[in-house]
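K.L.:
Per TrEMBL, the features are:
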DOMAIN    6-155  domain 'Phosphotyrosine protein phosphatase I'
ACT_SITE  12  active site, nucleophile
ACT_SITE  18  active site
ACT_SITE  129  active site, proton donor
């Protein structure tokens, strides 16, 4: 069995907007840095609304414009995620509360749960959900994820 030295899961409500963008950005950065084989990278939702669906088409278009490959099918976070991932990075305080509540019911939880925005050098702590917004909102999420994932990767590599 292969064990990754590091593991990270990105988390948002539906797993079709913010978290798959963060997952794809992180995977590209780790690949570009020659470190992708040292990371287990995934994303998941706390809700069940979009399980089995691909990322939002506006997020996919944004990633395509930036040359970032995105291949993900929405799934819900599981108890195993808390036991097998080192880091669970979420997008807003509602996600953080939900995850901390779920983690408290997992006996052997090892994951450090925190806001991805806590790594933002521009101090934008919350990554807002672009679902009800425009293409510009997806671009903002992408830019935040680039800043945060870069800082996270530098700190944890």
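Positions of Cβ are set from backbone N, Cα and C atoms, glycine also.
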K.L.:
Reported as an integer number of Å, what is the Cα distance between residue 18 (active site) and residue 129 (active site, proton donor)?
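P.N.:
Answer for this pair: 7 Å between alpha carbons.
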K.L.:
Between the Cα atoms of residue 12 (active site, nucleophile) and residue 129 (active site, proton donor), find the distance and write it as a whole number of Å.
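P.N.:
Here the two Cα atoms lie 8 Å apart.
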K.L.:
What same-chain residues, at least 6 away in sequence, bring their CB to under 8 Å of the CB of the residue listed as 'active site, proton donor'?
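P.N.:
Within the chain, the residue listed as 'active site, proton donor' has Cβ neighbours under 8 Å at 12, 13, 17, 18, 91, 92.
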K.L.:
Using a 10 Å cut-off, grab the number of neighbouring Cβ atoms around the Cβ of residue 18 (active site), all chains included.
P.N.:
32
K.L.:
Could you tell me how many residues in the domain 'Phosphotyrosine protein phosphatase I' (6-155) are helical, how many are strand and how many are coil under DSSP?
P.N.:
69 helix, 23 strand, 58 coil
K.L.:
Would you count the other C-beta atoms found within 10 angstroms of the C-beta of residue 12 (active site, nucleophile) for me?
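P.N.:
Step by step: centre on the Cβ of residue 12 (active site, nucleophile), count other Cβ atoms within 10 Å, giving 29.
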